[in-house]
Amino acid sequence: MRSDNLLRRERLLHPLTAVSLALVILAAFVPIFGDRLMMNIAIMAMIYIILGHSWNLLTGLAGMFSITHALFFGLGVYGMSISVAKFHLPIIAGLLVGLLINIVMSAIVGMIGSKLSGLYFVMAQVGLSQTIYTLSIQLFPLTGGVTGLSMPREYLMDKSTLYWIALILAILTTLAFAFIRKSRMGTMFVALKENPDLSLSLGSNVGKWRIMATVMSASMASLAGSFYALFMMSNNPEVFSMVISLKIIIVVIVGGIGSVWGPIVGSSLVVMDELIRGIMPTTMAPFSVIIYALVLIIMAIRHPEGLISIGRSIGLKLEGKSMKKVSISK
Amino acid sequence: MFFEMSNVTKSFGGLVANKDISVEIAEGEIVGLIGPNGAGKSTMFKTVTGFHIPDSGSISFGGKDITKYEPNKICQVGISCTFQKSQLFSALTLEESVLVGAYCRHKRKSQALPLAHRMIEFVGLGGKEEVKISKLNMFERKKAELAAALATEPKLLLLDELFAGLVPTEVELMLELVKKINEEFGTALFIVEHVLRVIMGICTKVYVLEYGQLIAVGTPEEVTSSEVVIKAYLGDDDFYAATDIKS
């Protein structure tokens, strides 16, 4: 009976798989029917999907609350723009430089996270990210200061190319997250989040896994950052801003923390936000953060497990009904 | 000696939780540890498993000095434990929880998974692999924790009040299981227990702890008839002695 039950639940995943396929197909048509604005919005949504997976890996799986996640994103942006605009390196080198800086930074953050927990970890992160933010402004010759650097024109790509790259990156990170969740690493991450003491006593090197989680997560964010530099063709210190960090957090929490579907569902918020910004007069645009806050508050009260929990509960209800039918027919 | 604690002392501030403790366990032996509440039993277990570092004294296992080892290293040398109040990993499935233990010695999922399945089968939870830990009952959860600990392939297993909170029929089933662990894997067991039925049933040697000190050691029969032990448990009143402690 129980295995029967399990089979049903497995089957329930199929509608979700179908939905994701539909999403991919729909996404594939954006460059055909969409205008520049729509493509920009879609690209932003993809970037937040990547960042969402990155944050979800660190916080949703490993349970280390990353409050200044834009730090990793921003380093990816700067790695790319400095390498390409300042040192005239190829794009791939820019990507690697961003990754390298991020690995170093995340190893530091991870080491802090393996020693400190909770509020202290959060404070340390804020300190680090403010330092980097200030450096990005002050190191004018290297970073271009407040105005930032402009990428050389030959790197300008047309929107649909950028769109395809973003889509592929988003799909790859989604698959990577799903794979990691099922692998040894993912099991260890969740175990150390749930019960660090028991993980330790079962032989898991909790400190090492915490650093690993931070490095993996930062690498994903770096990817998004490097791509963002190519998309915006410039950098500026705002990529380190709290607003981006908060958006990442909200996207995942509203979508569903710890789930591979969370960032995908949650990125709809980014779409909504960009659409609203498009409609509102420019002076009002900064107020769009208020919408994020409202959505977060409502979701925290009504559906703390995220939008996907609504889908799940509907699924379970349907399952309940079909089971009733089966028992009646018998 | 297979496992040896010699003159271990651990104090927290002014409180001496363990004083001058020496314990010996032979390979494949089942040893019990009893004592009134607050006697320092859990502290002793935490010292062995690496969560506390003793102030003085040493612990050796299989010829290695493991006094200052971290908990995960202790597990890797072959000592595993179950916790007194464990929640296990409530968000993971049974299979994943046991996998955490199996990954201790097998880095590849293809090797760890069969081991995890074997252990789940061994403790009698076969068929529940995909069930979330939060959906298991108390008895199942304890067996699940045992399976996870066994998946680390320990040579010495510490059981901290594994039987607490179980109804008598479950105690019997668990007792069978614990015996089976010892027989099938040759694992030495070190059992902290309040349920004397357990201690009497399977231990060959029992240590008694009171106020942080070992006050007696011997076979279960010797220990339960010892004057000092009866006093420690029931006070000086001779009337209650011998009768209650054995039941």
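Backbone N, Cα and C define each Cβ position, glycine as well.
Caution: TrEMBL annotation is automatic and unverified by curators.
The transmembrane segment feature in TrEMBL is assigned to A:12-30, A:61-79, A:91-112, A:118-140, A:161-180, A:209-231, A:243-264, A:284-302.
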Selection from A:61-79, A:91-112, A:118-140, A:243-264, A:284-302, the stretch that has most Cβ pairs under 8 A to the transmembrane segment (A:161-180): A:243-264
Distal contacts, the transmembrane segment (A:209-231) - CB-CB under 8 A, six or more residues away: 43, 47, 50-51, 53-55, 57-58, 61-62, 64, 66, 69, 72-81, 84, 91, 94-95, 98-99, 101-103, 105-107, 109-111, 113-114, 151, 155, 157, 162, 165-166, 169, 173, 176, 180, 185, 188-189, 192, 239
Long-range environment of the transmembrane segment (A:118-140) - Cβ separation under 8 angstroms, sequence gap at least 6: 64-68, 70-71, 74-75, 78, 105, 108-109, 112, 146, 237, 240-241
